[in-house]
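Found this in TrEMBL, in case it helps:
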- 24-410: domain 'Isopropylmalate dehydrogenase-like' (DOMAIN)
- Lys94: N6-succinyllysine (MOD_RES)
- Thr98, His337, Gly338, Thr339, Ala340, Pro341, Lys342, Tyr343, Asn350, Tyr389, Arg393: NADP(+) binding site (BINDING)
- Ser107, Asn109, Arg113, Arg123, Arg147: D-threo-isocitrate binding site (BINDING)
- Ser107: phosphoserine (MOD_RES)
- Lys136: N6-acetyllysine (MOD_RES)
- Tyr154: site 'Critical for catalysis' (SITE)
- Lys226: site 'Critical for catalysis' (SITE)
- Asp303: Mg(2+) binding site (BINDING)
Amino acid sequence: MATAATGQPITMQDGQLQVPSTPVIPFIEGDGTGPDIWRASQATLDAAVEKAYGGEKQIAWMEVLAGEKAFNETGEWLPDATLDAFRQYLVGIKGPLTTPVGGGIRSLNVALRQILDLYTCLRPVQYFSGVPSPVKQPELTDMVIFRENSEDIYAGIEFEHGSDDCEKFKKLFEENFAERFKKVRFPGTTGFGIKPVSQEGTARLVKASIQYAIDNDKPSVTLVHKGNIMKFTEGAFRDWGYECAKNDFGATELDGGPWCTLKNPKTGNEIVIKDVIADAMLQQILTRPAEYSVLATLNLNGDYISDALAACVGGIGIAPGGNINYDTGHAIFEATHGTAPKYAGKDQVNPGSVILSGEMMLRHLGWTEAADLIIKGLNGAIGAKTVTYDFERQMEGATLVKCSEFGQAIVKHM
Ligand SMILES: NC(=O)C1=CN([C@@H]2O[C@H](COP(=O)(O)OP(=O)(O)OC[C@H]3O[C@@H](n4cnc5c(N)ncnc54)[C@H](OP(=O)(O)O)[C@@H]3O)[C@@H](O)[C@H]2O)C=CC1
Ligand SMILES: O=C(O)CCC(=O)C(=O)O
Ligand SMILES: [Mg+2]
């Protein structure tokens, strides 16, 4: 079996990933349900690679620590060694990590994305036949979210009410922007948060989303924003997004704009670049899902829309994702869901989101045969109604299996 000592690093040359036959892949097990899910996922990914390549290719897994396990073993929540491994080996995968609400440490998940500048959170949302869903026609949902991952209120620039910093900030604000300061309704008890959104940050995300639409022959890219209210952040995201479509891809305005159109240089098909206000988007994913394909969003909107869309196609148990920097090649794949603490250690939850995140990772490495086997195995397991509690509770005649057993069912159907 390949180990971190016998494997080789993935590298980036001329903008292309160079993947050896035994790449070292750092992984974080995760908190809460993370260890259960990771065990099932690692076994399933290894089985897919073995079946596809018969030992010619192998993943050299390398455990790196973060979250509670890291804190218990090293006294650090996110040790430097973990960051160094992701920097050196380029592509990794992780389970969910806990973030306390209110006080306490800031999100380690967000920290990893920011420190490694993984500016795209890529979350494909597709329907797998047979999965129970709360909507009437879940098969109409086929969307890919490009969520901006490095800016917005997730930058964590906040001033806690009552702190010295907050008082300093208030003073600065009042002295320099007196008219705007008057809009603060209860200044004596207010905490503040700053929402940075830049042209560069927007352009690189929107560019990646349009390139994805070109490479995958998608009919549209929708810029989702709340630009009617937050004009210079969310509104600017929309305007810079359209600018990027015109300047980088030669899009032209449709009927006087702002919607634009471009011809896919690879297929000749039309790609429409459009926009929608975020609240309307959250109802349209239920009422008109077939009209949307690739979505480009800011950080918070993308977070909300990810969970809502996942629910439409059967839930967060099969909602994968990847955090990617398309320029440096750095990527960390992870599920959309969190640590689901009430199920921790029960070998009960659906490992599908991390397994499908692994499937995305294998495809990203060019190991498409192994990735295809995972999709085949998942379809087989769901088709046989051999499913975890989240599906079983809504499926007639299903067999309830554990987290580990669902991984084994996927392998059986590969
Ligand atoms: N990237 C990351 O690491 C993320 C971390 N988090 C963190 O996770 C912690 C818990 O967050 P919380 O708000 O409870 O959200 P979670 O996503 O962890 O759980 C919410 C609910 O989703 C369902 N669910 C979650 N995971 C699975 C699964 N694998 N299979 C089936 N169903 C699942 C369960 O629903 P039911 O009760 O109906 O069974 C669960 O109660 C927080 O600290 C949060 O910050 C959150 C999101 C992402
Ligand atoms: O970091 C966290 O705890 C939550 C992040 C999250 O919800 C997400 O990235 O979807
Ligand atoms: Mg989320």
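Quick reminder: no glycine exception, Cβ is built from N, Cα and C everywhere.
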Max Cα-Cα distance in Å among Ser107, Asn109, Arg113, Arg123, Arg147, the residues listed as binding D-threo-isocitrate?
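With Ser107, Asn109, Arg113, Arg123, Arg147 as the binding residues for D-threo-isocitrate, the largest Cα distance is 19 Å.
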So which one is it: of the recorded positions Arg123, Lys136, Arg393, which has the fewest other Cβ atoms within 10 Å?
Lys136
Less than 6 Å between Cβ and the nearest atom of ligand 2 is the rule; apply it to the binding-site residues Ser107, Ala340, Lys342.
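Going through Ser107, Ala340, Lys342 in sequence order, those close to ligand 2 turn out to be Ser107.
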For each of Lys94, Lys342, count the other CB atoms within 10 A of its CB; which of these recorded positions has the top count?
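Top count of Cβ atoms within 10 Å goes to Lys94.
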What Cα-Cα separation, expressed in whole Å, is found between the residue listed as 'Mg(2+) binding site' and Asn109 (D-threo-isocitrate binding site)?
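Just about 13 Å between their Cα atoms.
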Considering Cα atoms only, can you say which of Asn109, Arg113, Lys226 is the nearest neighbour of Lys342 (NADP(+) binding site) among these recorded positions?
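Answer for the nearest of the recorded positions: Asn109.
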Compared by Cα position, which of the recorded positions Arg113, Lys136, Lys226 is the closest one to Ala340 (NADP(+) binding site)?
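Considering only the listed recorded positions, the nearest one is Arg113.
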Cα-Cα separation of Lys226 (site 'Critical for catalysis') and Arg147 (D-threo-isocitrate binding site), in Å?
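Their Cα atoms are separated by 14 Å.
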Quick one: mean pLDDT on the domain 'Isopropylmalate dehydrogenase-like' (24-410)?
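Summing pLDDT over the domain 'Isopropylmalate dehydrogenase-like' (24-410) and dividing by its length gives 97.
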Do any residues at least six apart in sequence from Asn350 (NADP(+) binding site), in the same chain, have a Cβ closer than 8 Å to its Cβ, and if so which, in order?
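Listed in sequence order: Gly315, Gly317, Ile318, Val387, Thr388, Tyr389, Asp390, Phe391, Cys403, Phe406.
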Arg147 (D-threo-isocitrate binding site) to Tyr154 (site 'Critical for catalysis'): how many Å between their Cα atoms?
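With distance taken Cα to Cα, Tyr154 (site 'Critical for catalysis') is 12 Å from Arg147 (D-threo-isocitrate binding site).
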Between Lys136 (N6-acetyllysine) and Arg393 (NADP(+) binding site), find the distance joining the two CA atoms and give it rounded to the nearest Å.
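With the alpha carbons as reference points, the distance is 18 Å.
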Report the largest Cα to Cα distance, in Å and rounded to a whole number, among the residues Thr98, His337, Gly338, Thr339, Ala340, Pro341, Lys342, Tyr343, Asn350, Tyr389, Arg393 that the record lists as binding NADP(+).
26
Can you tell which of the recorded positions Thr98, Tyr154, Arg393 lies nearest to Arg123 (D-threo-isocitrate binding site) in space, using Cα positions?
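Smallest Cα separation from Arg123 (D-threo-isocitrate binding site) among Thr98, Tyr154, Arg393: Tyr154.
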